[in-house]
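For reference, the structure is listed below as structure tokens.
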Amino acid sequence: MTAPPADVPLDLPDAQLPGVLGAALAGLYTGEPRLPARPGGRAAGLAALHAWTGAGYRERNHLSGNVSRLSMYLRHGMIGIREVAAPARHVLRGREQDEFLRQLTWGEFFRLVLRQEGARVLDNLEEPKYPARWTDALPDDVRAARTDLPCVDAWVTHLIRDGWLHNHERLWFAAYLIHWRAVHWRAGYAFFREHLLDGDIASNALSWQWVASTFSNKPYFMNQENIERFSGSRWCRTCTANCPFRGSYEELEARLFSGRLPEEALSGEAGAPPRAAPAEEPAAEVVPAPIQPTGLASPRVVWVHGDGLSVTDAALSACPDAPALFVFDRPFLSGVPIAFPRLAFMYQGVRDLAAARRAPTHARVGAVAGELAAFARAYGAGELHVTRNFTPEFTRILAGVRAAHPDLRVVVHEPERLTSYDGPVRRFFGFWKKVEREVLQGAPSPDAPRRGHR
Ligand SMILES: Cc1cc2nc3c(=O)[nH]c(=O)nc-3n(C[C@H](O)[C@H](O)[C@H](O)COP(=O)(O)OP(=O)(O)OC[C@H]3O[C@@H](n4cnc5c(N)ncnc54)[C@H](O)[C@@H]3O)c2cc1C
């Protein structure tokens, strides 16, 4: 049997990515093709994990705090959430350890909300908690980093240049856009999606909704003192702008929200959204049977997607000898292109895993369902294995595969989780109380954070 030709060669050196990958993906990205600020791939992810000491994580809310910057590797499954939690439990101590594991748990919480709500996470999950009148478009001066506010312009510049922002900068920028500029959170979500290397529907959309108060009990906002304190006065020291963030929280609240906000959540699940109907039913699928070792003439193929770009991915681990395919989703990316560095970052992940596998791995550009069906036929496969993700596209693509290749058996493997909790999710605090002991593997340290800053 001859291997089907791969559209995108998986041995391109980094120097050729802007040229060769840029040409293969023409029309699917914004801006100039250039390399990501940090290299993608499992090797780079593991190197970043091992290089991070975690010392000083307790100061994580300060821009100078020693945060891990592992989000882009976690997002694409280049390293696993348990793989990150395990060394943190050994290396970090006391409150520092608890805080880090708690932050990791935010990511799991958001994924579980996505699993529960499906595509609804892209709409207001709740009514805003103040009389909001938002416009839809991202203002040109914001996109161009020409607001005349040095801090805001720096956040935009860093977002585009690095594909990453500190959590506090993300919160400040989101609050600025939604509350000061009265722009709908969806425009901010789309801007982040375009540029973040860790851009992810769950953490991104739900964090924006958390700031907007459509997934929280009140809007998040900050004042100039807060920015100055947590940025080490990085911008304020020399700033001559007419600062819109200046004022007490009471003054800003009156100015931004036409008066008082609702009282803070009473506790736990209070003020949580009403229970919604379950998200769109997943298409009928087969869960994995015990895996038998297979030879090279395997009747299986594996679909590798952007959440599992590592040989440790569940479907790839289960089928080490099966040919695997990654597809750059042409119809999807033509509709909502993203900046090139993110595509190159993913390419580097696929390239790493192709080099690490003994079975063939291919990358193509096209419509995912059709490409998968053709790939399975070309290899004479009777089974397609894949690791589940909770995005609306996943369900849509599997339905497309079934339509294009009704005889193909689809076997869905479960992704790695940090917790075993499988009930409904509503607010982080309530979720945390249920999983805290499992995540921390014991009682919290005496000075562990309670509710506080997210
Ligand atoms: C408006 C907005 C949009 C965001 N969009 C994304 C996104 O698209 N993808 C994304 O991974 N994170 C997103 N975040 C969450 C958070 O800002 C990043 O995960 C974090 O800044 C990544 O840096 P780090 O790896 O150094 O984090 P660390 O503090 O070192 O935390 C370790 C890991 O825990 C997880 N994590 C930490 N904080 C959060 C959090 N608040 N929410 C969810 N997960 C968290 C991440 O996987 C992170 O890599 C967003 C936050 C805001 C306010």
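Here the Cβ of each residue, glycine as well, is placed from N, Cα and C on the backbone.
Same-site candidate for FAD binding, as annotated by TrEMBL with Phe100, Gln103, Leu104, Thr105, Trp106, Gly107, Glu108, Phe109, Phe110, Asp198, Gly199, Asp200, chosen from Tyr57, Tyr176, Tyr220, Tyr249: Tyr57. For the domain 'Cryptochrome/DNA photolyase FAD-binding' (100-221), the predicted model reports an average pLDDT of 98. Trp134 (site 'Electron transfer via tryptophanyl radical') is 27 Å away from Gly107 (FAD binding site) when you measure Cα to Cα. On a Cα basis, Trp134 (site 'Electron transfer via tryptophanyl radical') lies 23 Å away from Asp200 (FAD binding site). Filtering Tyr57, Thr105, Phe109, Trp134, Trp185 by Cβ distance to ligand 1 (under 6 A) retains none of these recorded positions. DSSP labels the residues of the domain 'Cryptochrome/DNA photolyase FAD-binding' (100-221) in these numbers: 77 helix, 2 strand, 43 coil. Here the binding-site residues are Asp198, Asp200; the one with the fewest Cβ atoms within 10 Å of its Cβ is Asp198. Cβ-based neighbour count (10 Å, all protein chains) for Thr105 (FAD binding site) stands at 23.
Comparing Cα positions, Trp208 (site 'Electron transfer via tryptophanyl radical') lies closest to Trp185 out of the recorded positions Gln103, Thr105, Phe109, Trp134, Trp185.
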